[in-house]
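Per TrEMBL, the features are as follows:
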type	residues	note
REGION	132-205	region 'Disordered'
COMPBIAS	137-146	compositional bias 'Basic and acidic residues'
COMPBIAS	153-165	compositional bias 'Basic and acidic residues'
COMPBIAS	217-238	compositional bias 'Basic and acidic residues'
REGION	217-243	region 'Disordered'
REGION	304-329	region 'Disordered'
COMPBIAS	318-328	compositional bias 'Polar residues'
DOMAIN	624-637	domain 'SRP54-type proteins GTP-binding'
Amino acid sequence: MLDFFTIFSKGGLVLWCFQGVSDSCTGPVNALIRSVLLQERGGNNSFTHEALTLKYKLDNQFELVFVVGFQKILTLTYVDKLIDDVHRLFRDKYRTEIQQQSALSLLNGTFDFQNDFLRLLREAEESSKIRAPTTMKKFEDSEKAKKPVRSMIETRGEKTKEKAKNNKKKGAKKEGSDGPLATSKTAPAEKSGLPVGPENGELSKEELIRRKREEFIQKHGKGLDKSSKSTKSDIPKEKGKKAPRVWELGGCANQEVLDYSTPTTNGTPEAALSEDINLLLVFLIPSPSFVHVLQIRGTGPGGQLQDLDCSSSDDEGATQNTKPSATKGTLGGMFGMLKGLVGSKSLSREDMESVLDKMRDHLIAKNVAADIAVQLCESVANKLEGKVMGTFSTVTSTVKQALQESLVQILQPQRRVDMLRDIMDAQRRQRPYVVTFCGVNGVGKSTNLAKISFWLLENGFSVLIAACDTFRAGAVEQLRTHTRRLTALHPPEKHGGRTMVQLFEKGYGKDAAGIAMEAIAFARNQGFDVVLVDTAGRMQDNAPLMTALAKLITVNTPDLVLFVGEALVGNEAVDQLVKFNRALADHSMAQTPRLIDGIVLTKFDTIDDKVGAAISMTYITSKPIVFVGTGQTYCDLRSLNAKAVVAALMKA
């Protein structure tokens, strides 16, 4: 039984709706629009909202959406057929009203579709009942039951006897087939020294192979010998000098080319090298102003984070190299441009298949997880299928533009985390703002916690660092070193005697949840603005450590839970985030468990343009990337620029 079926335009006008139950369909449909359609996650045509399963179909030609909802405990096999039939009939019946493409015409139009829908629903239900469930085949009906028991009993010596009989039969067949040819080929066999005659009995397998090989060489080897002789005779020979050897697939050794007798060092003249050394010495001994520039690099005026810039100098060189080639083949470029044009026709799956395959391979090569690359391409195909193209637009450019728009939309998820605004809101309530960092081992949680501490200090907030990593040796000492360095950069003398950064530690082997609770209480009493909780690194499959992390988050209820992941991972990013969220949900004692709120992406400076991990992490969690780590100093912290990441991702 269906709960509802609704048809609405992409502009938000509901054209027709069927209500199977008294509950309203507004909430589930709005959740579908907000979580799937607006977020470009249309790769899968089903969506689950609370106790309902929603299936939908997009009509890109007329900008329509068909949605059906039913209880997720039911398995309705006719739903896909019903959506296709309703889509086809509704388009054909109200084509003229829809083609006017104006909101006023759609509002004034009357879509009396109730009787047609009930007829299609009844036909779909009857067609599903006609298909009787397949019954399992009994043992009496199988072929094994028809065999006698004696034929299935095998003795030890029977197999060897059967093999010997089969080998004799095969040998007799070969003798019969080779009989007429044996008389004509005795001469070459005698020359080659092969044993021929009845006294030798049957030929072995190796002798037969050797005989056939020699016959093949005698037939086809004459042409090869002639060609090899002609190539040898063409090579000129000089008297008294040994000619250098010339390889067929290689180049020749030319002594003039290999002469590098000019005074150079590593391919550069010595004069230029000495100037470079002088310049290098200038940068190795910086002035005090240069040190000050290093300290404030990465933060704008007022401690604001700079946007991430993924452009490189290779792009400029590539554009300069492509300019001369474009002027040479102007005519060829014109015909190549006209070759892929689509003249005002609707796109089909066959038109986009080759382009989408290349796009999927390109995304996987850029470190996007394989499953997510497939879902992205499927979402683009659903978005463009049936869409009418312009006269001067190619399939490749249209698919690429749609994929870029989808990627930008994915990197700008539903919730935007603004830490500075939230911290000021917590200050008005006279309580500290608590941030918990979690992640696997070795991704840089403590280092990026120190970077975020420096960023908060630059914005004038006091920070308390809670050392809750009581498992790893040296974790507390690492945070103590960071606290000492940050205190040197922001001493109390510059802030009216107020301590801006402090470490709260209780040693090793203690309960992390208890230490975090004491740190939050200490920060509330001492007036600290922010509490940054550092946790131990743990693999996503370690159940005891994941239980301890869920306990820490449930007991202390932090304002923000940040997952720290490195940009080097591909498919592993999906596994880590899915299992972290699942473990937090399973091991939480609350009725509505607290999951990951945002992502810190580290080691972004080591991946060049392979930025696919950002897409994978954001797609799988629908959570924003709050910070991006781009180096090893306190200033190497950026905010994510979605367009720059997508440009680097789409770069060939």
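Here the Cβ of each residue, glycine as well, is placed from N, Cα and C on the backbone.
Long-range neighbours of the compositional bias 'Basic and acidic residues' (137-146) within the same chain, counting only residues 6 or more positions beyond its ends whose Cβ lies under 8 Å from a Cβ of the stretch, are absent.
Away from its own ends, the domain 'SRP54-type proteins GTP-binding' (624-637) comes close to residues 294-299, 305, 308, 411-413, 415-417, 419, 444, 447-448, 450-452, 454-455, 485-486, 489, 562, 598-605, 614, 617-618 of its chain (Cβ-Cβ under 8 Å, at least six residues beyond either end).
With DSSP states grouped into helix (H, G, I), strand (E, B) and coil, the domain 'SRP54-type proteins GTP-binding' (624-637) comes out at 0 helix, 6 strand, 8 coil. Per DSSP, the compositional bias 'Basic and acidic residues' (137-146) is made up of 7 helix, 0 strand, 3 coil. Mean pLDDT across the domain 'SRP54-type proteins GTP-binding' (624-637) comes to 90 in this model.
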